[in-house]
Amino acid sequence: ILFVIVLWRMRHLKELCVFVFLCLHLTKAQIRYSIQEELKTGSLVGNIAQDLGLDLKRLRSGRARIVTGENIQYTQLHADKGTLIVNERIDREQLCGDVTPCSFTFEILLENPMELHPVTIEVLDVNDNAPTFQNNHLEFEISESAALGSRFVLESADDADVGQNDLQNYVLTSNEYFVLKQHVNPDGSKYAEMVLQKSLDREEQPRLSLKLLAVDGGNPQKSGTVNIAIIILDINDNAPVESATTGARFSLTSADDADVEINGLKEYVLTENDHFVLQQHSDADGKKYAEMVLQKQLDREKTPNLSFKLIAVDGGVPQKSGTVIIDVTVLDANDNAPVFNQSVYKATVMENAPKETYVITVKAIDADYGANNIITYYFSDRNSPLADLFRITDSGAIYIKGDVDYEKVKKYELRIDAKDQGGLTDSSKVIIEVTDVNDNAPDISVMSFTSPVSEDSPPGTTIGIINVKDLDSGDNGQVSCKIEQNAPFKIKSNLRNYYTLVTDSVLDREIVSEYNITVVATDGGIPPLSAKKTFSLKVSDVNDNAPVFPQSLYSAFLPENNSPGVSVLTLIAKDPDENQNARVSYIVEDSSIGGSPISQYVSVNVETGVIQAVRSFDYEQIKELIFVVKAQDGGSPPLSSNVTVKILIQDQNDNPPQVLYPVQTGGSVVAEMVPRSAEVGYLVTKVVAVDVDSGQNAWLSYKLQKATDRALFEVGLQNGEIRTIRQVTDKDAVKQRLTVIVEDNGQPSRSATVIVNVAVADSFPEVLSEFTDSTHDKEYNDNLTFYLVLALAVVSFLFITCLVVIISVKIYRWRQSRILYHSSLPVIPYYPPRYSDTLGTGTLQHVYNYEVCRTTDSRKSDCKFGRAASQNVLVMDPSSTGTMQRMQGEKSILDEPDSPLEVSCPYLTELQKKHANSTLVLLESIDIFKT
């Protein structure tokens, strides 16, 4: 525990005392400051960072702030400086009233991690309020017969300040009739009474004016004043009443005596008593009479009746006398004030009691008689708000008039006056304590709440701080909190009225992503009242789940000869996380097949997981692909899982059967010999074929497609054996040619054909002569036919092409000549390169004709230059540009020794046509083919 007292003086004798009580306990600290009320806004309260032992970085990172359940925030926290300053004007009287000590409490809340530091500010009183009377004028009506010592209760002054600054005493202006007597109530409040010390006489002074001064104990002192007017009521103060003053005279009836002189009436004698004496007198004619003179104050309450004897005596001898009995009845005077039988009355009333509920009865007694004994009860402060809550009857019974609320006022103090008809009064105090009933449900205030919370938060993580208040007291204000549903959270209470909502176990967003937490606060009343507060808490995702494939092995079939890029299989991995943590990417793990990386065979779409074939596969080379695909999420760090993918290449019937035997050769003829003595079923040979395909695509069947003599041989469907089906005869030709077709069982089927030459002979020379003579002639005839057909086709194509070209050129030239002939515009000739005009200014001043001959047997050609044409003739043609360019191109080709034109060896013919004003040279090439 650390106590720090800081004192400093402010201007104009204002002092600020700061008392700091700092108690450190784990992460929570309770701080108490003391400041004066009415400090200016911005005044320093204390250095909260230093007192809590926190640095400024922690205040900023923890978003330190003040949380309070009140509407007015009296203080402000400067997190950047760590200081606590006054934010609003603090009026102690408005904040606490007459409650002392006066304080208010708030909390400093820090986050990450959450810390709650209660701070209590005690507000010290300054003397800023003077004592005040509710009325500025008091009026009393007092009978002049009021007895000495009569008390008259004065209105009490109120001072909103407390302690030394509160009301200290009353001062009454100096006078000869009344003195001031001060009293202290059990609660410490002060009130005053005027006590009569000298009898009043209306005839001498019918009215008195006094002043009552209430003074507090502040520095400087402040005071309040009220004027007191006293009106003295007249009474018959010459009658023999108890209020008669000492010396009052009462005349008696005179006695008569018939004798004269010495025998006449001599004197009067009054029997002895305490109150009266007898005085005798003689009038002018000598007649004697007597008076009773009051020598002691009468008191009806002690001796209401007196009886005397008055004796009249003469002077004769013997003496004679006469007697009269005097009965004195003492009349009542209002000389007794009402007196309460208790100075303080105490009562209790239930909160929310209905109107006209009986509370208590006060009783005052007046010793006077008759009208002076009639007492009226009333509240001393008739304008007090309490007059709206309670009423008092003439008999002194107090009833509830308004609404009694324990939460507003827990105790009422009433000052009751009892007054008789003569204006004499007495006062008493009634303390009414309100008994609380459970009429207020707990109130839940959220100080802080964090949502979302990470699913990897450890148990005990604080997610919220709540404040629960119940305005009731006792058991009615005792609150317990719990969580309504079964959830992985719990409520902890570290400070009074404050509860923290923490996690009770590990959270898993994939199981429950959002919680609706209902906190129930229940008080201890009968019946109990409760309040609920629901918190919607979202659980944020962390990357704690790797992508999962539903299968450990994926298999797919892919027909061979597929198109590159074809989709083979789609992989789907699911990640129960969300957002980026659930974004799955697919990657083919590095591996090799046959020395080549797997990336040359297959690829996978990173986002969709579609596996595609990179190239076309051949079953005969690769029958299956086995590789690993990794699914990786987008978390940090990323999590992944692997799956094995097996792609089986399906065979397609893409290979025809291959004949292994008999071997087909281009230069020689192989023949199987069958003796003429062969029996039926004689095995001539066996066609052996294989198919590199698999399955039914490799099932082979053999059929005899063509044979010289179908009735002599047959082929086994499954084994390809060629056997005789009848007896060989001499009529059978020696040379037998069999065409065997081998088919597989694919869809569609593929086949291969093999020619089997069979010689039906008994000796080899016979077979050799037969096969040698026919082979060369057949090959020659086949080649001759092929070339004849080819030559015919080429010649026909060239002829038709030349014919079309010539016709097109003729038509084009004819159309150009018609355009020039009919045009009225001047002809502006275009000169191609190396052309010259008639003036001979160009680079080539003459036109030459050429004759060129090309041959098929030599790589050289003869070229004959003709004579020059006329120099004054312009070579011109509407299509001369294209013609000359073509001629120059042909000339350049002819000049090259290795020109392709030398291969075909065409003969060139020179053609020349002349028009009226120009000469057109046309060089046409006509190819002549020799067959």
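Every residue number used here counts from 1 along the chain in the order it is shown.
The backbone N, Cα and C atoms fix where each Cβ goes, and this holds for glycine too.
Look at TrEMBL and you will find 27-133, 134-242, 242-340, 341-444, 445-549, 550-659, 674-771 tagged as domain 'Cadherin'. The transmembrane segment annotation in TrEMBL covers 784-809.
Averaged across the domain 'Cadherin' (242-340), pLDDT for the predicted model comes to 84. Here the domain 'Cadherin' (242-340) is broken down by DSSP into helix, strand and coil counts: 3 helix, 45 strand, 51 coil. The domain 'Cadherin' (27-133): residue composition by secondary structure is 16 helix, 44 strand, 47 coil, according to DSSP. Residue counts for the domain 'Cadherin' (445-549) under DSSP, helix first, then strand, then coil, are 4 helix, 55 strand, 46 coil. When the domain 'Cadherin' (341-444) is classified with DSSP, helix, strand and coil residues number 8 helix, 48 strand, 48 coil. Under DSSP, residues within the domain 'Cadherin' (550-659) fall into helix, strand and coil as 7 helix, 51 strand, 52 coil.
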